[in-house]
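Below you'll find the structure, written out as structure tokens, and then a few comments.
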Amino acid sequence: MKGSIMNRDRFLTNIRTKIGGLTASQPVEKPVWTVSPQKKVLKDYTPDQLVEVLEEQCQHIHTDFFRTSSNSLEKTLDEVLNHYGAKSVIYSNDERFVSYQLNPYFESSLSTGREIYRWNEKDKETSISFAEKADVGLTFSDMTLAESGTIVLFNKKGQGRSVSLLPRDYIAIVPKSTIVPRMTQATSYVQEMVDNGEDIASCINFITGPSNSADIEMKLVVGVHGPIRAAYIIVDDK
Amino acid sequence: MPMHIGEKDFRKRVSKGISDDYMRGAVRSAQERLQNRRAAAAEELGDWEEWRTLGQQIRSHTIEHLDYYLHQLSDKVAELGGHVFFAETGEEANEYIKQVIQKKNAKKIAKSKSMVTEEISMNAALEEIGCEVIETDLGEYILQIDDHDPPSHIVAPALHKNKEQIRDVFKERLNYKKTEHPEELALFAREKLREEFLAADVGITGCNFAVAESGSFALVTNEGNARMVTALPNTQITVMGMERIVPGWEELDIVVSLLTRAAVGQKLTSYITALTGPKQAEEADGPEEFHLVIVDNGRSKILGTEFQEALHCIRCAACINVCPVYRHVGGHAYGSIYPGPIGAVLSPLLSDYDEYKELPYASSLCGACTEVCPVKIPLHEQLIMHRRKIVEDEKKSTLAERVAMRGFEQIVHSANLYRTATKMAPFLTTPFAKNNRITKGPGPLRNWTDIRDLPQPANERFRDWFKKRNKQGGAI
Ligand code: SF4
């Protein structure tokens, strides 16, 4: 479905006369920028060094940091959920929960009285109302930025926007291979998709720790509208 | 709320600001904190100057080809199924937004922070047709609850209020029962606003940066409210100032990195949310319908003039956070929702000199703003250009003003003279000082001492103060 465009000609003609612009049919060449400081940041860092940077950054963004192997992921996750007092958990519909063999854990968790729900993109109402009351939202990270301590989520299909937003706490499982130096790598990845004419996710979220605000007397309050606490679990790749 | 806020008379606004002790203390500590954080973030990054150069190149290229990039953006958004409305004036924008809302029969609107909707008085227009517009940014929410108290800073709008005042407002208006601890106040707002997010029919957001090549736009926030506003309601309207755009994602990286560092000293804020079109098939949350409103409202008057660079602004408030005049008089004194150096440059351009002719003089021309601007806008030079234009335009000023302005200009044009004047000011002005405030100044400074920060001549000059500040560095 194509949307409408209203009032464009008049508006752009006015701009064009002011700046002496070209007609829109002539594409503008983006210049080559003379400097690119962003490409130098954490350049040549090994994956392990990037993990270190990420761990250090987590301290600045009020985020709990855990590291584990893929074999112990279930155990670590269980510990973190207990630590957070999670009685109800919502997780995204992501096949990595299967490949990291977390499904049996979720099933056994149910028997211990913990409510577990998988985001269902076909059932908006139930999904949102569960997420809204859940103690913990759980997702895998699609890309992880070491410099800023950021989880990048390409929110589409089963990777619902609300899973990392509405619950009280947010836990991200971070496969080590998803860690890159900084935002530059994530934006280049998206740029490439755009250049190739591929669809990008309708919502790409860069999440850096829990929500916060300094709107009252400039004092930092952690936990405003989004999650109040956040944890990253770094896991060696499967 | 229109662009203009508060008292009509500049002097009255200034004296109100100067006599508000809490506000001045709050402004001072906020400035220090934010400025330190920005400096630390810039230092940590290492090549801050290179980043600024890149930011400047991106912004000038984009504005020089604004017609092309807006064309591309609107094509992309429409391709994705979104609707784009180009509004030359605030009224046109409001009319369109009203239509969309009426068609949906919507009553409850959840809004995340947006300066441009303030500028065009959108809330009032929607309230006229019986809608309830809920500000969901914590600072904006506080102001809204308190009878629409105007914002005083573009990043921290409720900076002028202390926690006790906020507690009282919550008590009186919302039946709040707890203490003035910021955590408790914030938790209360979280609970209140949760209900609103879930019940809202329409979400309205501003736009930090649109990305032309993909038809996306990015929201830079910390609280999570903009995410709520774009995830829960079925209809979403995004209102952007026409200059808030970059070509591609590579450029988005740079302007976002500059913005978060310059604004709050963070590497990235908690949430950078990049949205592209309405939700796609097989998605549960996100809006079904998406409207992008691109607003001119006076901006195109600036294109092709010596002030074009003012449109490069990424609204980080770094210039506000270092400004000694802002420090002295606070945000409301500017009488515009855009205060500080950028406000002094932009407000007369978006409106006119009749309304804002004093603002270009509300500056000591110390140049600190230009030094910190992440996209290298020559702010203090633009202020001088404004002054020239105002003075040239004889009809706009009284004889006394003209004389004073010229005298003032001569002084600030010579660094030596400026130093002499401000160094001499302490003893020259002593007889005029009242409660440590100078009410009348000597010689050419006379007309300006009550609106300019002659950096508290009794204590230290701004340049010295600033030097010291910088040396102290800062912990976040
Ligand atoms: S003028 Fe520069 S420093 Fe001031 S708000 Fe705009 S971008 Fe920031």
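Here the Cβ of each residue, glycine as well, is placed from N, Cα and C on the backbone.
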Among B:CYS366, B:CYS373, which residue does TrEMBL name as a further [4Fe-4S] cluster 1 binder in the site formed by B:CYS313, B:CYS316, B:CYS319?
B:CYS373
Which site among B:CYS313, B:CYS316 has the most other CB atoms no more than 10 Å from its CB, taking these as binding-site residues?
B:CYS316
Which binding-site residues from the set B:CYS316, B:CYS323, B:CYS366, B:CYS373 come near ligand 1, judged by a Cβ under 6 Å from any of its atoms?
B:CYS316, B:CYS373
What whole-number Å value do you get for the CA-CA distance of B:CYS319 ([4Fe-4S] cluster 1 binding site) and B:CYS369 ([4Fe-4S] cluster 2 binding site)?
4
In this structure, which of the binding-site residues B:CYS366, B:CYS369 has the fewest other Cβ atoms within 10 Å of its Cβ?
B:CYS366
C-alpha of B:CYS373 ([4Fe-4S] cluster 1 binding site) to C-alpha of B:CYS366 ([4Fe-4S] cluster 2 binding site): distance in Å?
14
As a quick check of your reading of DSSP, tell me how many residues in the domain '4Fe-4S ferredoxin-type' (B:303-325) are helical, how many are strand and how many are coil.
12 helix, 0 strand, 11 coil
For the binding-site residues B:CYS323, B:CYS373, which Cβ has the most other Cβ atoms within 10 Å, all shown protein chains included?
B:CYS323
